[in-house]
Structure formats: structure tokens, C-alpha cells
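Asker: Copying in the features that TrEMBL gives for the protein in this structure:
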DOMAIN    19-300  domain 'Sugar phosphate transporter'
REGION    311-332  region 'Disordered'
TRANSMEM  12-31  transmembrane segment
TRANSMEM  43-62  transmembrane segment
TRANSMEM  129-148  transmembrane segment
TRANSMEM  160-177  transmembrane segment
TRANSMEM  189-209  transmembrane segment
TRANSMEM  221-243  transmembrane segment
TRANSMEM  250-273  transmembrane segment
TRANSMEM  279-302  transmembrane segment
Amino acid sequence: MTLNAEVNRARLMKFVSAAFYAFCSFFIIVVNKSILTEYKFPSFMFLGIGQMTATIIILYVAKMSKTIQFQDFDKSIPGKIFPLPLLYMGNHVTGLGGTKKLSLPMFTVLRKFTILLTMIMESRILRKSFARPLVCSVLAIVVGALVAASSDLSFNAEGYTFVLLNDVFTAASGVYTKKKLGMEGLGKYGVLFYNAFIIIIPTVLASAYTGDLQKALSFEGWMSVTFIFHFLLSCVMGFILMYSIILCSFYNTALTTTVVGAIKNVAVMYIGMFIGGDYIFSWTNFLGLNICISAALIYSYITFHSGSESNVKAAEDPPSVHVTESHLEEKT
């Protein structure tokens with residue numbers, strides 16, 4: 001294979017994995033929003049348990065049929081996988097909680113802060129550096145999110161708390177997932193399986209202790225075939241979403257995976273104005289959303305237009321930047 005062919009293939013895999021993740025991320029938000037608001041399902045934690053269960057069953061069956069391979073469980077697994085199970089559990093719970101408490105557009109606006117946190121964590125933990133245009137585009141995304149959130153007339157303190165905590169968990173999960181993918185024996189499927197396998201039992205216990213499990217099991221909607229279809233769809237999509245995140249992180253940086261998640265807001269923004277019934281329009285909010293989207297598209301163009309992300313970072317003009325909190329404060 002020639003050098004140009006290898007570069008083109010690498011660029012294609014970066015783009016395809018990113019597009020696949022963007023689609024899955026958008027689709028599952030719509031499905032979860034429908035379950036938690038339109039059907040009024042009382043337990044976002046139980047929905048997360050369903051998604052973990054689907055992940056375990058699908059990967060176990062695939063491993064038994066020798067469709068995929070990953071390391072069998074032994075005493076080295078917890079050490080290899082830690083702290084991902086804790087981060088994934090926090091990501092699941094706070095993400096679904098935020099989806100239930102906020103309108104779709106405001107949920108996706110506040111999720112933009114994940115990008116800033118991922119850039120800082122990736123710079124500190126993985127020692128990555130970023131070209132100045134990428135840093136500026138990330139800062140523009142955050143500014144747009146601040147503008148949009150400043151006019152939120154449907155402010156919900158609990159919902160904001162859930163989403164901001166979700167930002168922290170998502171950023172840490174993305175960075176540590178990228179780090180763990182290179183560990184011998186785990187691979188993409190091992191990371192997915194053992195995360196779900198380790199965290200499902202404490203999540204079920206927590207759900208039972210809080211009474212959340214009882215509410216879910218006594219939900220009247222279980223008699224509806226339509227609701228069951230949507231619930232099972234969400235469970236399967238939970239697995240597919242996690243796989244798409246792993247795939248995107250494998251071919252791209254953790255930061256790029258996070259930014260790609262923001263691009264889906266082009267559709268979420270407009271659809272959220274018509275479904276859910278909880279979006280309150282204002283021009284300030286609309287302007288902020290479009291600033292976020294424009295900056296995310298600029299980031300994507302810079303990243304995917306180059307042959308590889310290493311080429312972008314190595315470019316002499318503009319120079320790369322090692323991101324720290326103090327640098328970001330200077331820029332803002």
C-alpha cells in the first residue's frame with residue numbers, strides 16, 4: 001500500500017468513525033428523551049441498567065460464537081480497567097438524569113463544556129498539544145454555550161447539576177478510554193464488556209436502595225408494546241453508542257471524539273424545538289447555539305481536512321499549544 005493510500009485510508013476511518021458516533025449520539029438522545037418524557041418512565045437509572053445488560057449479553061454471545069475476541073476475566077482485569085467503571089457509571093447516571101430534566105437544546109448546550117474539560121485533561125494526562133486554531137475553536141464553542149445558556153428561561157438547578165457533572169465524567173471517560181485502548185489483552189471489546197460487567201451490580205444495588213428499581217418495575221407502561229419496543233431500542237442503542245465512542249476514540253483523539261458529539265446539535269437544535277414541548281425560544285439562545293455549531297464545524301474542518309491529527313499539531317504555522325487552565329484563562 002502506498003503512502004498516499006495509507007493516508008487516505010486513515011483519513012476515511014477517522015471520518016467514518018466520527019460520523020457513526022455522531023449519528024448514534026443523536027439518535028439515542030431522541031429515544032431516551034421520548035422514554036423519559038413522553039412515556040414518563042420514572043427511572044433513568046433503570047434505563048442505564050438496561051443498556052449495560054444489553055452490552056454484556058451482546059458481547060458475551062459474540063465472544064462465545066468466536067465472532068470477537070477479548071481477554072478472559074482474571075485478577076488483572078480490575079487493575080487494567082480502573083477507573084473507567086466508576087467514570088462510566090457516573091456518565092450513565094448523570095447523562096440520563098440531565099436528559100430527563102432539561103430540554104434537548106439546553107442539554108446539548110451545557111454538554112459543550114465537556115470539550116473544554118477534555119482538552120485540559122488530554123493535555124495533562126496524555127500530554128497532548130493542540131494547534132492554536134483548534135484551541136480558539138474550542139473556546140468559541142464554550143463562549144457560544146455561555147451565550148445560549150444565559151437566556152435559558154426554563155432554568156432547572158437539578159438538571160444543570162446533572163449535566164455539568166456529566167461533562168466531568170464524559171471528559172475523564174474519553175481521556176482514560178483512549179489511554180486504556182492501548183493496554184494488552186483488553187482492546188475495544190474488552191473495555192466495553194468489563195466496564196459494563198463491573199458496574200452493573202453496584203448500579204442495581206443503588207437503584208434498589210433508593211427505591212428507583214421498584215418504581216421502574218411497577219411502571220404501567222410495561223403493558224404497552226410500543227413502550228417496550230422503545231425501551232429495548234434504547235438498550236441496544238446504548239451498546240451501539242458505547243461501541244461508536246470506543247471506535248471514534250481509537251481512530252481519533254479524545255478531544256475530537258468530544259467535539260464530534262457537539263456537531264450533532266445541528267439536528268438536535270431544530271428537532272428539539274418541535275418535540276418534547278419544553279423548549280422556550282429566544283434570539284440570544286438561538287445565537288449562542290449557532291456560535292457553538294459554527295465553531296464545532298471549524299474544528300472538524302481543521303481536523304479532518306489534514307492528513308492526520310499529528311500533521312495538524314506539527315504544523316509550524318500556527319504553532320501548537322500545550323493547554324493549561326492558566327492559558328485558557330488568558331484567552332478568555
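The backbone N, Cα and C atoms fix where each Cβ goes, glycine too.
TrEMBL labels come from automatic prediction, so no person has curated them.
The shown structure was predicted, so the numbers you read here are calculated from the model rather than taken from an experiment.
I'd like to know what surrounds each of these features in this structure.
Answerer: Note on the transmembrane segment (189-209): residues 43, 45-46, 48-49, 52-53, 55-56, 59-60, 62-63, 68-71, 73, 77-78, 81, 84-86, 88-89, 92-93, 177, 180-181, 216, 239, 242-243, 246 of its chain, located 6 or more positions outside it, place their CB under 8 angstroms from a CB of the stretch.
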Asker: Is it true that the transmembrane segment (43-62) and the transmembrane segment (221-243) have 3 or more CB pairs under 8 Å, sequence gap of 6 or more?
Answerer: yes
Asker: Grab the same-chain neighbours of the transmembrane segment (221-243) for me: Cβ-Cβ under 8 Å, and only residues 6 or more beyond its ends, written as numbers and ranges.
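Answerer: Residues packing against the transmembrane segment (221-243) from afar: 21, 24-25, 27-28, 31-32, 34-35, 39-41, 47-48, 50-55, 58-59, 188, 192, 195.
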Asker: Return the average pLDDT for the domain 'Sugar phosphate transporter' (19-300) as a whole number.
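Answerer: Within the domain 'Sugar phosphate transporter' (19-300), the model's average pLDDT equals 82.
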